[in-house]
Amino acid sequence: MSVQEDDDAAGPEVDRLRRHDSFYGDAEKVSNDKSHGTGENWARTLQLAFQSIGVVYGDVGTSPLYVYSSTFPDGVKHPDDLVGVLSLMLYTLILIPMVKYVFIVLYANDNGDGGTFALYSLISRHAKIRMIPNDQTEDANVSNYSIEAPSSQLRRAEWVKQKLESSNAAKIALFTITILGTSMVMGDGTLTPAISVLSAVSGIREKAPSLTQLQVVWISVPILIVLFSVQRFGTDKVGYSFAPVISVWFVLIAGIGAYNLAVHEITILRAFNPMYIIDYFRRNGKEAWVSLGGAVLCITGTEAMFADLGHFNIRAIQLSFTCVLFPSVALCYMGQAAYLRKFPEDVGDTFYKSLPAPLFWPVFVVAIMAAIIASQAMLSGAFAILSKALPLGCFPRVEVVHTSNKYEGQVYIPEVNFLIGVASVAITVAFQTTANIGNAYGICVVMVFSITTHLMTVVMLLIWKVRLPFIAAFYVVFTFTEFLYLSSILSKFAEGGYLPFCFSLVLMALMATWHYVHVKRYWYELDHIVPPDEMAALLARRDVRRVPGVGLLYTELVQGIPPVFPRLVDKIPSVHAVFVFMSIKHLPIPRVAPAERFIFQRVGPDAGHRIFRCVARYGYTDPLEGAKEFAAFLLDRLKVFVYEEAVFACQCAEDGGGGGGGDDDGVLRRAEEMAAEEKRLIDAEAERGLVYLMGEANVEAAPGSSLMKQIVVNYVYTRLRKNLREEHKALSIPKDQLLKVGITYEI
């Protein structure tokens, strides 16, 4: 039975009692729990701005530890080279983090969430670019789905939308660069702890010159091991104690920078003249171009501003960046350049050499803490991004532990933490110096910048509907700038740049494999859905018994009867008294309000069977409830649906009988009588037990498939599926209530 709404006939009392699901008009609007607009009061914004200092800026704030040594690995050839490089770093900080991210990209958030997947989800709401065809009309009624169709006046946006939806190549390209960006962030996550901790610990050689670099490495390794070991406790346990530490760090580096500027050479301020950048390139040619790979390290961690937006708001990040981060690091870089003008031989360890002697130990301790916090922020960002990829079927199933009751984005992924931890320790031992790690570091950073630029261009065309000259200027300026940096970094590919690149490609290949088979499996089920007449014949068989209890059969399909159902009935010729085809569906939005979670439909014949379809909708940051809580909520909403269905049936009967709407109290009374028995039956069957049914699909490449497809499906995907988390564990389904049905899909 399908239920449809007739707004004109429904009385106010009926409207009040209806649940707003897929069969009743627009969903009830609820307010988003995070404000990212202008409505935030300034006291709250200032508080968030302070907190963001500790969470967002750890990485970019610790870059002064190693930027000059990475930019001048062979020493300073000419005193004015320092002015040119300083000018280059200042304008890089202004152009990419400040102009691009702080004042443009942050506004392309997905209901307050940022990052590569947030951009992809934002685009996918305005154009059907997702590979799995599980869109439903009612999804647009969810409160924070909030799409605005391109207006007829702006034909360009309609044209872009049409091209994206009609081109498989465009869909694949968008998805590919999205997972590449995610993979690059993961590659960045392996290098940030290594270079940050190693550069901070290296300062100890100033007071203990007898220590070798290898000994410094072995001091750094235990710190890294402790860092990765405590991830399971979550950042919330020490959370916003980060802000005071990083604030002290910024005060120290700004003060020391101002001191060096005043004591050594105040004229270094002429670096604000961009002509010194041109002079630097004229004087050094190819060497200047190669040095870009070191200079770009001054903006590592910039993507974290966007990825961590969900914890703060736009104004808070704009305030903390322009008033705290930029002045502090700019003063630090200017002070270091002023110091190096007098002592160019100290470029290999600029940060610690430029410290006033009495401040060495306090700064050393704070530097170690800041390096750990920088690593922590990068790891938290990597976990958060992957947790968004999981619900969209873009990453193999792994355990996601929510470490904070207050901040939903704070998660921990044990398998990924172990992988990054091993890689980070191995990189530290293998590369040993910050200069060597710096060669490998930049490639991930700049490629993520470039990917964001391309996705932002699509957002401007499709969603913001910005004028073409502005879009062209944005694309040309940032693509050209990022290409210059990327080309320089790639020149160091053989010196270490290959490492994060290969790591990212392997991770990307695993994500692509998982998603490819996931999509193919969905299409197979969609192509083999059970026709209604076959469903009726199946339930009418004499050997099919009606057994007590509630059965939940999990399926990815949001429409139709999955092919595993006939298999189940053949093996166990019985159907539960209350049977629900259960689909867990993730929408391309961060959150779905609990009131809008479920949509129901009655399916199959009524005779002796109560069979329903239920789609439970989640955002990509919504945690799944435990099995017990989920089942209780589901059955509660099912009883509400049964009641609303009865209300609607009575209302339709009243209208069909010429009552013209009739007495609302009479309608409700008849509805209550119709629904009471069915609600009692649902309660009774729930008391008798709940059984979870799942199809254990063995996916194989169809006969005649190419060798590559056989390898991807039969070996890579199968090995991933068997060695990673099982689906019932991801759903927290108790084993003693689980029944699996084996089935083979040839795709």
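Please read every residue number as a count from 1 along the shown chain.
Cβ atoms are placed via backbone N, Cα and C, with glycine included.
Note that this is a predicted model, so its numbers are computed, not measured.
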Swiss-Prot annotation: ARG232 and PHE493 on one membrane face: no
Which of 85-105, 172-192, 210-230, 354-374, 470-490 contacts the transmembrane segment (497-517) most, counting Cβ pairs under 8 Å: 172-192
Beyond the flanks of the topological domain 'Extracellular' (491-496) by 6 or more, those residues with Cβ under 8 Å of it: 289-290, 293, 431, 436-437, 439-440, 443
When counting Cβ pairs under 8 Å to the transmembrane segment (85-105), the leader among 172-192, 289-309, 354-374, 411-431: 289-309
Region pair the transmembrane segment (411-431) / the transmembrane segment (210-230), three or more CB pairs under 8 Å: yes
Chain residues in Cβ proximity to the topological domain 'Extracellular' (193-209) (below 8 Å; excluding those fewer than six residues from its ends, i.e. six or more beyond): 59, 62, 65-66, 216-217, 219-220, 223-224, 227-228, 349, 351-353, 360-361, 364, 367-368, 370-372, 374-375, 378-379, 420, 424-425, 427-428, 431, 433-434, 437-438, 441
Region pair the transmembrane segment (172-192) / the transmembrane segment (443-463), three or more CB pairs under 8 Å: yes
Mean of the pLDDT scores, which run from 0 to 100, over the topological domain 'Cytoplasmic' (1-47): 43
Leading contact stretch, 48-68, 289-309, 470-490 vs the transmembrane segment (443-463) - CB distance under 8 Å: 470-490
Distant-in-sequence neighbours of the transmembrane segment (470-490), which means Cβ under 8 A and at least six residues beyond its ends: 95-96, 100, 104, 289-293, 296, 442-443, 446-447, 449-450, 453, 456-457, 460-461, 497
